[in-house]
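Enquirer: From TrEMBL, for reference:
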type: TRANSMEM; residues: 12-29; note: transmembrane segment
type: DOMAIN; residues: 89-193; note: domain 'Galactosyltransferase N-terminal'
type: DOMAIN; residues: 197-273; note: domain 'Galactosyltransferase C-terminal'
Amino acid sequence: MSDINLTTFLQFSKYVSLFCALVYIYIPFRHCRRYNYVKIDEILQEFDRINIANNLNNGTNINKCPYEELILASNPEVPIFNVSQAQRFKRPELGGKFVQKDCVPYEETAIIVPYRDRKHHLSIFLNYMHYFLQSQYTSYRIFVIEQNNTSKFNRARLLNVGALEAIRQDYSCLIFSDVDLLPLSIANIYTCSRLPRHMSSSIDTFRFNLPYETLFGGVISIKSDQFKKVNGMSNEYDGWGGEDDDFYRRLIHHNMKPYRFSPTISKYTMLTHNKEIPSENRFEKLERSAERQLVDGLASLSADYIVK
């Protein structure tokens, strides 16, 4: 084979490989097309209504929030092109707390965001999420947990730190959210359900398909007592990937299999971002996940990471 033909062949092979990679990433049928989820008309019964019952029984003069209308009526969806636009919302208290006073919400929610060096994304996230959460009658506080060193990003450790602080402030519901994911359906109520919930199972970058059935990353909700029961998340994953799969295994080990709501409600858009550096030996760490559950997590956080 001549040098010219060899060069042409190598260039052709490179383009074929690139094409195959793009096809593998973006074609819908590579994803998990069928999976179990809670249907829209069954979602209301999955929420804990103790807070509403307590407030109404204590003589509160306002009505419960109209979640049923949000979920069952028109299922309003925010157009994707609007998520980065300036939104109108009531100013939260200092520290990112907003208390819903127009009606009685299910509970107060702690939204915990792991963060480093993505100021533009954080600005869009906060502007949009305050608008979104207030539109669905949520009482909440947003905790932005920043990693300010030059080590590889450790998402799970930041979530553990945020969870400890939220629990210290008596939040019974934890929602962990990546800063680049924004919900599109107002009916995707930001409160905890009966079981840990994968809230972001339908993302635009995956053509609103679920990549694989055991995925438990992006945006998830879990009750504080459930999170403490499994000793939080593993602190061993420096870099991208592995920590969410490890957490899923912890939940399965404790008979708390996560679930999802209808894909039409679990829709998100992902802001454009560069890929993080992969976590080294993450597959080997996953194989030893069960061995570390009791000692690796909330119980093993260094005092340097614990919020005072």
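Using N, Cα and C of the backbone, Cβ positions are placed for all residues, glycine too.
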Enquirer: If you average per-residue pLDDT over the domain 'Galactosyltransferase N-terminal' (89-193), what number do you get?
Expert: 95
Enquirer: Helix, strand, coil: count each for the residues of the domain 'Galactosyltransferase C-terminal' (197-273), based on DSSP.
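Expert: Once the DSSP states are binned, the domain 'Galactosyltransferase C-terminal' (197-273) shows 20 helix, 18 strand, 39 coil.
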Enquirer: Please work out the helix, strand and coil residue numbers for the domain 'Galactosyltransferase N-terminal' (89-193) from the DSSP assignment.
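Expert: Output for the domain 'Galactosyltransferase N-terminal' (89-193) reads 31 helix, 30 strand, 44 coil.
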